[in-house]
Amino acid sequence: MMDIVTAMGWNYVSTLASEGNYGESGVEAFIQISRETGGVCIAQSLKIPREPRLGEFDKIIRRLLETSNARAIIMFANEDDIQRVLDAAKRNNQTGHFLWVGSDSWGSKISPVIRQEKVAEGAITILPKRASVDAFDRYFRSRSLSNNRRNVWFAEFWEENFNCKLGMHGKRPGSLKKCTGLEKVGRDSSYEQEGKVQFVMDAVYAMAHALHRMHRELCYGYPGLCPRMASIDGKELLSHIRAVRFNGSAGTPVVFNENGDAPGRYDIFQYQITNRSMAEYRVIGSWTNKLHLKVEAMRWRTGDPSLPASVCSVPCRAGERKKVVKGVLCCWHCERCEGYHYQASEFTCELCPYEMRPDANRTGCVPIPIIKLEWHSPWAVFPVFISMLGIVATSFVIVTFVRYNDTPIVRASGREMSYVLLTGIFLCYAITFLMIATPDVGVCSFRRIFLGLGMCFSYAALLTKTNRIHRIFEQGKKSVTAPRFISPASQLVITFSLISVQLLGVFVWFVVDPPHTVVDYGEQRTQDPVAARGVLKCDISDLSLICSLGYSILLMVTCTVYAIKTRGVPETFNEAKPIGFTMYTTCIIWLAFIPIFFGTSQSAERMYIQTTTLTISLSLSASVSLGMLYMPKVYIILFHPEQNVPKRKRSFKAIVTAATMSGKLTQKGGDRPNGEVKTELCESMETNTLSTKTTYVSYSNHAI
């Protein structure tokens, strides 16, 4: 019965027994086996009193319904109790709810289920496996009143079997028919061999074999009982009974195990209602040391082959662990493994390794997908578009300057320094492609080199220019002697000296921490593991990035300071004012960059936002320099060549004096008419020009 319950998947059942040795010992054995196997829990264990009171069976049904999930009822009860339990279930409208599992006291008997067919439908019962003994049939059918007088109950059986009365002393006073004595068993009445005949015969034979064996051992060669055998006790006889082994009346071996039990051989029945609305017991399996069950032959409701459940809790789904109710192993609550946890066992959830996440069913872990900034991403398309425009524009300016290399405007711009600055602008645009390219050792190496190099080229050149202008006009206030290191060669040396500091820092960085790629699983480790991604990137921290750009930013700030100091230089003498505007705008761009870059450090879109912000900031700063310093010159070169002619020569002293006067007069301009200021400046310039006309320099950066 335990094997049947287990095969059905029923782990939560109740037991019901008739009070007495048979019922109580049967239920006790079932409960003991359930504890040993551990697969079945007993919801309730109820007894039917020997003398039940009125309403006792209705009370039993109500108690069974208190644990309604325990639909399977294990019954060790007599026929009358079985019938009354079924009747009570019917009265309480529980037809089809309970799943009855009856012992051999129910077996395949009709009397317990008469008029209870619907409520008993689907009941599973067992009977010891039996075989009809043909010799007994021949013997019993040959019995008559004349040849079976030794059986004192045979006359009563005769009247009952043939529904007649034997003479004046018959046992059936209400019967009008008189027995003739010529009736024949099996001919004049229905006959079916009792199923336990085989076991009764084998039991008698077992006793006979035991006595025979005992006699042979204790009284060998002595006819009848010898004195040794006359005084034996029951234990000695029992040992001989357990030792017998012979083929029984049905041809099956009769043996006993160490506990004195015969081998269990059972037929398993199910009470089914056929399509013709006829109820009958059908064999659905057998048990001989193990269960053989034909599940496909079972029927629970008319025409319904589906298997009903009798469980306290439904099985947890994949990815859920069982939280067992204290004291009841078959009852639990299902808790889903949350976050990055997966179902490691039936009762536990464990955390996936850091680089992995739970699979769709949460029954294991799978690697977290690795992503990078793709070229087709909107975060990349816009920076690339700006960079391509900038590279085209920068290339156009370089080609124009090379084509008109000897014209006054190109020479006045300082050709050598212009090419250095344009190189830096080009690198600022080109770094966008390195920042978006798939990270590997090569890409990471070039990122370290060129990330700050473009800005360093640009601001080193601009710083050298603004410092040169400042030194020239400061020197002019003291003497007419030109300051040192203002020649083009000197300017290039100063510029590349400043650039070499950046390259030296990058070289040290390479030595201390060689470039390599990493997969950052923390950047996009969202609460929902489905959205988690590992980010493939170069091993460049925010601090390293700022250090790489820090030197260029320092050059930019210093250049801005010099631009402020030279703001008083007239625009007719130099490009100091465009440089100043360039630096002011660039500072604003990078001041906006800092909060955006660091403010998104905790964002799930950090990689995209920071890369896009950095590349656009570099492109914008390059665009400002290109637009303010070179586009006006290109415009004049291409569309107003008449303005691209040499200006008159001026002395160094005249230029410096004019600049000095310009600063003074500008301060006094609030007290004079606008025309007076301009007149005074022009007169001063003209006077200085005449007095120092032997010393000339061209109106260009070469001259200054």
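Placement of Cβ uses the backbone N, Cα and C atoms for every residue, glycine included.
According to TrEMBL, the transmembrane segment annotation covers 379-399, 419-439, 445-464, 485-512, 543-564, 576-598, 618-640. According to TrEMBL, the feature domain 'G-protein coupled receptors family 3 profile' maps to 379-653.
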Note: vs the transmembrane segment (379-399), the recorded stretch with the largest number of Cβ pairs under 8 Å from 419-439, 445-464, 485-512, 576-598, 618-640 is 419-439
Ranking 419-439, 485-512, 576-598, 618-640 by Cβ pairs under 8 Å to the transmembrane segment (445-464) puts first 419-439
In this predicted model, the domain 'G-protein coupled receptors family 3 profile' (379-653) has a mean pLDDT of 82
